[in-house]
Structures are given as C-alpha cells and as structure tokens.
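Copied over from Swiss-Prot:
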DISULFID  CYS9-CYS30  disulfide bond
DISULFID  CYS53-CYS74  disulfide bond
DOMAIN    9-110  domain 'CUB'
MOD_RES   ALA1  N-acetylalanine
Amino acid sequence: AQNKGPHKCGGVLRNYSGRISTYEGPKTDCIWTILAKPGSRVFVAIPYLNLACGKEYVEVQDGLPGAGNYGKLCSGIGLTYQSSSNALSIKYSRTAGHSASSFDIYYYGDS
C-alpha cells in the first residue's frame, strides 16, 4: 500500500489535480514531476509544513527535476507556487534514520 496513491515516492503526475502526501518507506529522496497540458501552468499549495529542519526538506523546482528552485523548505504556512511552464517538480529529502514528518502538498493545473 505504500506505493499507491498520494503516499508513493515520486513519479510523474499527469492528472489535473491531486495531492502528494508523506512517504514513509525506506527511500530518502523522492521527486515528483507534475505535468500539465502544453501551454498550461502548474499551481502548488502547501497549507502547512512543519518538517524537522536540518533533517528533512521539501524543494519546489520550476520545471523538470534539476530546474531552478525556490529553496529548501522545512516550515511554513499557506505556501503557494506557480510554474513558468507546464512542468513543476517537488523533491522531498530526509537523512537516513530520520522518520518522515507528515505533510500534504496539493497541486492543480490551469486549463
């Protein structure tokens, strides 16, 4: 069950909207790439983020993995991001041995 739905570690997400949630499996790095229709943009909202700073972080990247990013985030309220193209990537990373904190990241594309 760990590899299904919003709790999966990474992957390409093509649905119009959805949610990315805490991955609690053994991997320490997860990268999700959200792809909207060509000409559309991707919007991401993180209502509440409270990770263990220094041990884990979320990174929002404007485009495909490795694109310019908005910095490493470990806490915040009401965070929103918008891509400049039809792709946006989200990376979650934690140090080995540290249990993942819970988080929910919501995304949608403009149509």
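Keep in mind that glycine also has a Cβ here, set from the backbone N, Cα and C atoms.
Highest Cβ count within 10 Å among the disulfide-bonded residues CYS9, CYS30, CYS74: CYS30. Each residue contributes its Cα atom, and for CYS53 (disulfide bond) and CYS30 (disulfide bond) these two points are 17 Å apart. The Cβ neighbour count for CYS53 (disulfide bond), using a 10 Å radius over every protein chain in view, is 11. Note: the domain 'CUB' (9-110) comprises 0 helix, 57 strand, 45 coil (DSSP; helix = H, G, I, strand = E, B). Mean pLDDT for the domain 'CUB' (9-110) in this predicted model: 95.
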